């Protein structure tokens, strides 16, 4: 005690210090440049080399874009226009291929007079998606979101309106059966009852209902086969359907993998490991080739539908693992808190566990979705005309033989826009949830 | 453990008019045994709790006291023996378990509030979904109990914005919203700063004054002395000694109890 310095031991502050600005050299751009670009000989050298490399790349790319030709009927015409305007041999992109084949790139071989249908379907999709993505919109709009898949299906594939309606009827009946059954038996049994009712309805009722109703009240659009689908429309349909379907399936698989019930647990684990362990392309070939051997002869199971199912199952396995990570990250106390209040399993999952686990899993889920969306280009290998497939087809024509980069730049850009907006949305959602929950 | 300090914190006149133990059995545990794998956590537990009792369970860590009360609402499964709560025997029937859990409130050491819901939503969730109470009514009940634990003004905040003591009081209010007939407390003050312990203990004392049947695992010996009508000392998964607080603290019988009390009261 006695040997502490008198000055340090006795000190009383009379007035508090005011806040001061930091020194000028320690803030803003100047500081950043000095610290990050020119902080030593090696860094100065690296900065200069990088600047030269960037400059060299820009020197080649910028004129290529800047001199690009947007209106021409063929590659040779493109070249002529370039030679006239910028001199022969100038670096110039020929984006005319995109304007010339725009419809094909977007719609594939969908009948030209019916382009309004996919466009309307897209509008329906955007309207249906907005209340799901933005919770501030009125909740009643979710009803429209729920029936929108049937509207979109009808718009895209056409045919009798009664076909999608009878599928919808099956789902409604299944739900009713589930609600009634859940009053008497356990939720799992009730769910099985619902599924059974749906299958019965689709198997026995849907066919005759569609035929009869079509005779009585023939509301139909011209049918368009899946063979005519192509371009970004195809990628978008496969990607979006798989994204929407794989999320609930993935969540169920994650819960199944956590379950104490032996059978459910083992089935989930086996499913996830099997699907994840085999490349997507193998599953796509399975969908396109092998499945035909197993299905009874004469059944014509649409190839696109098969692909959607395969892609859905594939990404569901990944989603399941991502969600499992979220579930594992929750403290055990959350499960116990929910249990101690008497909430049953499904209530505690739906109200307590999943909202938190999914929030944690958002980056991983969106990551999986982005991967899935880009993987839709793999369908080119089983003969579907996605944008990559179309670019091959376009190049095969005499008009556009030799166009490479322009098509790929365009396709890449379109995919980038989609994936980047998904990424931005997920970040915005994370921030919003962070703010709300703290 | 500054027991003296805590005793002073909780020392206020306690209204004992409602604290009455009836002959009605609230919880009956007979010959209960539990293992974690090979480890025998609870051995031949026999315990009868009458309605209106305030029981404090103490003992060294690892003695099985938390596990014991967690068995009562089946957060832990027992492997042998019987537990009957409010006349319902705990079995593996999920409906039974949920029924018992909705009648038995529980407060945890780490509160276990739901961070993604507001305080009010935390309190109304179980009444709305388990008891099927209309939302308006559930909110009124919730506000009533939040007022009782003295934090009605925090109703629209999220748990993360509250202090530990406030969170624990919300947890108590959340349990009370289910109008439980029995309350279990699993070390409710162990994760709190000394300053916040008092506010939680005060809430618990008020609850006791209203005649709630309570089982508390706690190290707050001041609380045990003043509020409990029975103190149970556990060690190595067994009930070593139980007695009225005065006798328990003043004249402990077992050597193990004496040692334990000297450890926690000695300094």
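Here the Cβ of each residue, glycine as well, is placed from N, Cα and C on the backbone.
Annotations in TrEMBL come from automatic prediction, not curation.
Among the ranges A:67-93, A:229-255, the one that TrEMBL lists as transmembrane segment is A:229-255. The feature transmembrane segment, as given by TrEMBL for the ranges A:11-29, A:163-181, sits at A:163-181. Ranges compared are A:303-323, A:324-344, and TrEMBL records transmembrane segment for A:303-323. Listed as Cβ neighbours of the transmembrane segment (A:163-181) (distance under 8 Å, sequence separation of 6 or more from its ends, same chain) are residues 147, 150-151, 153-154, 189-191, 193-198, 201-202, 205-206, 209-210, 213.
Panel annotation: around the transmembrane segment (A:114-134), residues 103, 107, 141-142, 144-145, 148, 151-152, 155-156, 158, 221-222, 224, 233, 236, 240, 425 of the same chain, lying at least six beyond its termini, place a Cβ under 8 Å from a Cβ of the stretch.
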